[in-house]
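A.B. asks: Provided herewith is a single structure, encoded as structure tokens, for subsequent inquiry.
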Amino acid sequence: MKLRLHFVVDPMGWLCISMVFGIWLYNTFFIPKLVLHPHYNEGHIPWAIVVCYYIASTLCFAALFRASTADPGRLPVDPHIPHAEREHWELCNKCNLMRPKRSHHCSRCGHCVRRMDHHCPWINNCVGEDNHWLFLQLCFYTQVLSLFTLALDFCQYYYFQPLSGQDQGKFTTRHELALLRVSALTGLVMFAGMTSLFYTQLTGILSDTTTIEKMAQFSNEIYGSKKSWQWALAEVCGTRWKLLWLIPLRSREPIQASHHFRTHV
């Protein structure tokens, strides 16, 4: 599997993605250290909870890394235009290059992107045809990890048994309370923000309308088409295998339409 890396030179984008990575690193370090490992060592929780948290954290980081470094669908300087598709291409008035319809020129990145949805500073990359599925995965796994973190923070105070191997009064007053409050706050903010973003992205995919087209008030009669939810997601993810929709460490290939996926269910 060949995964090409794509980086955008943007100091503001670097700052934003560093903040996202910092939140992920904070919760991935302190939640196991303060909650999972101590309670597992004393037999209060099963090993499966610890493993599931690390799996959710790993998938969240993998989606973040791939979404921020994957080529979103940047058009080459001299693209090959099939003769049968020439009528579906147009000239960009900013870079004076030919591009397929529904492409957009990103002023932050300085080039056109196929079926560009938007430029996201939090991943320091555009969200386009080739990495939209990764951005959707990032939203999903961030929700899972944030909800998992909030549940563990809640259980630490209201459900889990007290730890016998620590000075609870001194430790809780000086360290644990402050650290877990920060964890709960970041988890709540990330969960609320990503839930809203995930819903917006999913409705856009199912209606075949990008964020830019919504902002420009394009009609669904121009670009939108009636597709089943399986075909709409399969087209974005580049595979008909639903299990692969959740795996970030793979490549994406465009798929052809089929009668099965175009039929409503």
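The backbone N, Cα and C atoms fix where each Cβ goes, and this holds for glycine too.
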A.B. asks: When you get a sec, could you say which of 12-32, 138-158 is annotated transmembrane segment by TrEMBL?
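C.D. replies: Of 12-32, 138-158, TrEMBL gives transmembrane segment for 12-32.
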A.B. asks: Sort out the residues at least 6 away from either end of the transmembrane segment (179-199), same chain, that have Cβ-Cβ distances under 8 Å to it, and list them.
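C.D. replies: For the transmembrane segment (179-199), the nonlocal Cβ contacts are 23, 26-27, 30-31, 34-35, 136, 139-140, 142-143, 146-147, 149-150, 153-154, 156.
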